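Asker: Before I ask anything, let me first share the structure, which is written out below as structure tokens.
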Amino acid sequence: MLKFIKHLVCFIITIVLQTTLASWISFYGQQPDFVLIFIVVMALSHGPVSGMLWGFFAGFSEDVFASVDWLGAQTIAFTCVGFGVGQLEERFLRLNLATKVALLGLAFMLNDFVYYALIGISQESVTTFFLLKTLPECIYTMLFGIPCFFLLNRFDRVKRCNV
């Protein structure tokens, strides 16, 4: 129960970062996706079920509180990402920093692909959205994922040494 409360506090901090800091540090209209970083971290460290549940919870929170026309699209996209990334759970497979950041980029692409497929974006707009929105935001999110994964690796290493 204590672990869930700790994760819930981290989720709330992530939502606060996404709603306040992300718009403040936007670069040419592109913002990092702190919520997706949280989902990838939870999925990698706790498995597919945890990643799927946190993805559902995060997507539902974004769908309810954001002004979106397609209620449930972000919920489904984050749930798919949480489950997919969770298949590479760290209890079974140790990933280095570069692999985790690359996986974050793939998760971002998967998230946008599922989201755009669900909202029914036109085929002509796919390339434009990919080049002007998905790719820059993916790179920006990956840049913010580097320190997150680095700190988590350090924290995990200290935790293993103390056991």
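Every residue, even glycine, has its Cβ placed from backbone N, Cα and C.
Because the structure is a prediction, the values reported are computed rather than measured.
Dumping what TrEMBL says about this protein:
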TRANSMEM  6-27  transmembrane segment
TRANSMEM  34-58  transmembrane segment
TRANSMEM  64-85  transmembrane segment
TRANSMEM  97-118  transmembrane segment
TRANSMEM  130-152  transmembrane segment
Asker: Per the definition of 3+ C-beta pairs under 8 A with sequence separation of 6 or more, do the transmembrane segment (130-152) and the transmembrane segment (34-58) touch?
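Answerer: Yes, the stretches contact each other.
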Asker: Which sequence-distant residues neighbour the transmembrane segment (34-58)? Criterion: at least 6 residues beyond either end, Cβ under 8 Å.
Answerer: 7, 10-11, 14-15, 17-18, 21-22, 75, 78-91, 95, 100, 103-104, 107-108, 111, 141, 144-145, 148-149, 152
